[in-house]
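One structure is given here, and the rest of the page talks about it.
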C-alpha cells in the first residue's frame, strides 16, 4: 500500500496565520463496498487494515421543535435548543425510540468506537446547565461527564491510550532520570472526549454572551493522561464524576464543532475577530490542532482571497474516499445552516473549492460522511429539516431517511464500529504541567515549582518574511523591511471580556468613533482590553526566540528602529505548558502545501549554545531602551526582575519564587488611556489644542456625553474621531489603532515620515512651524506609541478600578 507524507511543517499564528511543527503521516485509504452499504477497510500509516464500517442499521439523530428557541440555528455556535431530544431510528424496522426523556433538551450525539454508547450535550430536567453526558445506545447507563458553570456541547471521542481495549498499567519514574520505573496502579483504557465549552459570564469580541474553546475530558479522573505522561491531568476536576477537563485552545472569540481527522488531529471552526481583522467583521476559518492543543494551524478560510469571504464555516468533516473537507457555508457568521461546500483535505486552496449544493433552493446542515463514501445530511426545502442520504452526482439531497413534519430532524450519527485513528502523543498534562516523553511511554515529569505560571517557548526563523503587501492596514506591512530592520517583537495578551456589572459596561458606547458597533465602554475601537506580555530582541538575520506565559491568547507585532509595529498578527495564538512553537514568518494561508527553507537561525544557535540562554530560553523583557532621539537601543528588564538563569532542561527545579517577567501576571504591563495618556495630554498638549485648534485635548478625565452616553473624555473622543470617506479599519483623523506607525498623531510627535502610508496629504505643510518632537520626553512619546499599537483602548485595566468610566445613572 502506498504511503503519503504530508510534510514536516513548522509554523505559528503570525500575521493571521498559524503554522506549527508537526509531522503528519498518512496512507492512502483502501475502500471496499463502494457507494452502497457494506464493509469498508482503512489502511493506516503502518499498513495494518481494520474494519471501519459494518452494516449501518441504526442512526441516532436530534429532533428539535420547529421554533426559534427550539432550533436556534441563527445563534450558532451558541446552539442551546429548548425541548430537543435524541432518538434512535432503525433503518430496517422504521421504529423510532426516544432516548433522552429525562432531559429538558438533548442534542449533539456522537457514538463511541464500538457503537455501544454515545456522548451528547444536554440539560437534565433536574437542572445543572448544559453538560456533557454519556449513555448506552439502548438508553441505559446514563453518566454525567462535566459539571461546568457555563455551556458544554459537541463532544467527540479521542482514542488516546486506548487503541486496544482493556486495562493499562500506570508506570513512571519519580522525577528526571532518577530511580527505577514503578507501577502506580491500573486504569481502564476508555480514551478521552474532546468538546467545546463556554464558561459562564464571558463575552466574545462581538460582545456575544459566549466564547467557546475546545477542552479535553479525561473519563477516568485524570488517570488516562497519567498513564501517558506520568502525571494526573491538571485542570478543572469533577471528583464526584471521576472526570477532569483541560482547556486546549485559547481564543477570545470561539473555537467550536470539533471533529476527528484521519491522521488523529482535531478539526474545528475558529472565529478570528482580532480588532480590524477582515475589515472588522472577523472571519471563520477551518483549523486543525493536536488533541492537547499543542499545534494549531489554519486549513481554509484564513486568507483575504479565499472563496467564501466572511461567511460562516461550521460542522466540517472529512470524507473518506476523496478526502474532502465538507462543511456548512452560511451567509452569516452566526448561522448553523446554509449550503454545503468543500475543499481538498490534501490541498485546501481555492482551486479545490467547490460548492456542493445551492441549486435546489433548500438549506443544509449536519453533514456526516461514512467510510463507504455515502454521506448523511439534514435538509429542508421549506423550513422542515429531515434526514437524507446526499446524492453527490446531483449535488442535492437524495433518498429520504426520516422526516417528521412536527420536528426538525438533524445531527445524524450513524451507529457502526469505527476505526480508531493513530493518536498523537501529548507533551502536556494540563494546566502548569509539561512532560517529556518517549513515544507512548511516560518518561520525565517537568514542573518548575515556585513560579506562578507555566510557560512555553517559540522561535521565529525570520520575522522579515511576509506574503502581505505594503499597506495601511495593521496586518499589512507598513513598509518594506530587510534583515536588520526588525529590532524586536512585542508580545500582546488578549483579556477575555468579563463584565458582571452591567451598570459599568455598555456595548456600542463608541458607535460614533472608529470601533462602531464593536466598541464598548472599555474601548472606542474594535480592539478589546489587552496587555503586554513583554518584548524580545531580534537577531540580525531576523530570527528571535522567547519564552512566555502559556495557556493565554496572544499575538505578536514586529518592531522597527523606533519600536513601532511594522506588522501585526491578527490571529490569536497560544502555547501549552512547556511546549515549543516554530514560526516561519508573517503570512496568511493554510499550513498544508507549504514548504519552508531549513535555515541556521542565529536565535536558534544562541538558544542552544549561548551560556546566556541556557535556562530554557530568554524570557520576555518588560521594556525597550531608546536614546533621546527615539532610536532603539535594546531590551531591558524591570528593576525587580528575577531571571531564572539556573533553570535548564534536566537541571534543578524550584530555585526561586520571586516574580519573573513574562511569567507573572502582576509583572505584566498595559497602557491605559486614563492612567497613562490623559496626564501627558493635560500637562503637555491641552494648553494649545482646544476647540479652536483640533484635536481638542482639554477637559481632563471628565466624561463627555455623546448621543446620551458619557463613556470617554473629550480628548479620547477627539483622537478616535473617524475621517469622512476613510475606512475606519485604517484609522481616523489622528489614530490608526494597532498601527501607530501609520497614525497622524505619531508622525507629528516624531516629525518624521515613519512608513509608506501617509495618514493624509501635506502632513508637514509649513516650514518654520512649531515642531512637536521636542515637547514630550521619549518615554512620553513611546507611551502614546504603545497605546496606539495595543489598539487605542480607553480602559485597558481588566476588572474594577478607580479611574473614570461609564456608569448608568
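For all residues, glycine too, the Cβ spot is worked out from N, Cα and C.
The signal peptide annotation in Swiss-Prot covers 1-27 and rests on sequence analysis. Annotation source Swiss-Prot lists Zn(2+) binding site at 303, 587. Residues annotated as heme 1 binding site in Swiss-Prot: 583, 586, 591. Feature annotation from Swiss-Prot assigns domain 'Cytochrome c' to 633-792. Here Swiss-Prot flags 685, 688, 689, 772 as heme 2 binding site.
A map of Swiss-Prot features onto the structure.
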{"residue": "685", "record": "heme 2 binding site", "contacts (Cβ under 8 Å, 6+ apart)": "697, 775"}
{"residue": "688", "record": "heme 2 binding site", "contacts (Cβ under 8 Å, 6+ apart)": "none"}
{"residue": "689", "record": "heme 2 binding site", "contacts (Cβ under 8 Å, 6+ apart)": "695, 696, 697, 698"}
{"residue": "772", "record": "heme 2 binding site", "contacts (Cβ under 8 Å, 6+ apart)": "748, 749, 751"}
> If you count Cβ atoms within 10 Å of each one, which of the binding-site residues 303, 583 comes out on top?
Replying inline: 583
> Which value does the mean pLDDT take for the domain 'Cytochrome c' (633-792) in this predicted structure?
Replying inline: 85
> Per DSSP, residue 303 (Zn(2+) binding site) is which: helix, strand or coil?
Replying inline: coil
>> So the record assigns 685, 688, 689, 772 to heme 2. If I measure every Cα pair among those residues, what is the longest distance in angstrom, as a whole number?
In response: 12
> If H, G and I count as helix, E and B as strand, and all else as coil, what does DSSP give for residue 583 (heme 1 binding site)?
Replying inline: strand
> Applying the rule Cβ within 8 Å of the centroid of the Cβ atoms of 685, 688, 689, 772, what extra residues of the same chain belong around the heme 2 site?
Replying inline: 684, 686, 687, 693, 697, 775
